[in-house]
Amino acid sequence: MGKKLWYLATVAGMASYLDAGVIVSVGLSLSLWRREFGLTAGTIGMISAALTFSIAVGSLFGGRLADMFGRRRMFTLDLLVYVVGVALIAAAVNPSMIVVGVVIAGLAAGADLPTSVAVVAELAPAEVRGRLVAFTQVMWGIGIAVVTALGFVVSKMGISGARLLFVHLAVLGAMTWAVRTFSTLMQQLEDQAHARADDAAQAGGPALPLRELFGRREFRTALILTACFYVAWGLMANTWGQFKAYFLTTVSGATQSSATAWLFIATVVGVLAGVVFAGIADGPWRRPLFFLGAVGQIIAMLLGALTGGETFWIMVLVLFGFNLGYPFAGEAIYKVWTQESFPVNARATAQGFTNAVARFVFAGFAAITPQIMDDSPSLLLWILVGCATGALLLGSLLIRRDNAESMQAARRVAVS
């Protein structure tokens, strides 16, 4: 696979890096903001919910706007808004500034996610499309790892350390915008995609009408299944992702530095597992590895639930179990399923819709998560066990549907 395609996946994957970066940075900053500004558990929940809700709204409208007015155009504009949002958080001197910055950054990050993945799927050759889409999720893991490492470095600096996390995101966001805007390689890749006359042949056409997207049975079924899978898996992943540092320091009794150090190590393991998945995303191994990863996530959450989350070393095992499982049975495979299920002029809309539905659910749950954690950490972990189990069952249905469509395609080829 050529360097230009890896360049495409990296530039587009920065959307995942920056989205993960703002989520993790907010998660690492919650306890610091609580001490600095005297925030209650309700206010902490409101900040987390505001971020998740904003990402949902951005995904819902950003994906559709990208299909209507141009994926490349939205691909560049989203980042400018993102930079404004994270810069505002970095400069915040009161909770109101934090909330406003979180909302702005969340809207932009949400809009960029479905757009960037659709751009990759549009410009990549069919035989490596799954690999490149999966690589955008590796960038998500890298974003988590880098921000977690920075969080460890600045963990002794208090509120100033939290500000530096968001300064780093603002600088990278501005640099990525410049590359997307002025790079000639992106135009070369677009020209090559049109010359292949595959999916890109539709790219210049109008967005698929919503009545067709929601009216045709095969599209409607794909929307329902991918949305439900992402709701089930993402409710577990988003809750754990946003609150794991808060959980470890508040419930398990770890210091900020030790919690951040273990989070970083576990995240590196997740990134390496994500690289493995990116290498097999277009092949038959992705199906058995999905089941292995899904069961691993269930076992990890079950360990935490059975011990109530109070034993730090058990929670370290939960960290590693989750991070080994999610690259094979999480957002990466959801992105691949979504891009394979819809035509190019509907992919951003479809992923934006399913992403938004899920994020609205995450936002509602994030608002009450700190209170649940205060009242019963064990209950929270049992809820996550249920989510992991639901994701396994829904993923099984998607794989069954995928197998049935592959068999039908093979029969059509045989008949022709």
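Going from the start of the chain as shown, residues are counted 1 onward.
Glycine too: its Cβ is placed from the backbone N, Cα and C atoms.
Here TrEMBL flags 5-403 as domain 'Major facilitator superfamily (MFS) profile'. Annotation comment: TrEMBL describes 7-33, 39-62, 74-92, 98-120, 132-154, 160-179, 221-241, 261-281, 288-306, 312-334, 355-373, 379-399 as transmembrane segment.
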Residue numbers, six or more beyond the limits of the transmembrane segment (98-120), whose CB comes under 8 Å of its CB atoms: 8-9, 12-16, 18-19, 22, 26, 33, 46-47, 50-63, 65-67, 71-72, 74-75, 78-82, 84-90, 92, 129, 132-133, 136, 166, 335, 338-339, 344, 347-349, 351-352, 355-356, 359
Residue numbers, six or more beyond the limits of the transmembrane segment (379-399), whose CB comes under 8 Å of its CB atoms: 225-226, 228-229, 232-233, 235-236, 239-240, 287, 290-291, 294-295, 297-298, 300-302, 304-305, 308-309, 329, 333, 337, 369, 372-373
Folded-back contacts onto the transmembrane segment (39-62), same chain, C-beta under 8 angstroms, at least six residues removed: 19, 22-23, 26-27, 30, 33, 74, 78, 95, 98-99, 102-115, 238, 242-243, 246, 348, 351-353, 355-360, 362-364, 366-371, 374
Feature contact check the transmembrane segment (355-373) with the transmembrane segment (221-241), CB under 8 Å, 3 or more pairs: yes
Long-range neighbours of the transmembrane segment (261-281), counting only residues six or more past its ends (CB under 8 A): 130-131, 133-135, 137-138, 140-142, 144-145, 148-149, 151-152, 244-245, 248, 254, 289, 316, 319-320, 322-324, 326-328, 332-333, 336
Outside the transmembrane segment (74-92), six or more residues from its ends: residues with CB under 8 Å to it: 12, 15, 18, 22, 25-26, 62, 65-66, 98, 100-109, 111-112, 115-116, 119, 163-164, 166-167, 169-170, 173-174, 176-177, 180-181
Within the predicted model, mean pLDDT of the domain 'Major facilitator superfamily (MFS) profile' (5-403): 87
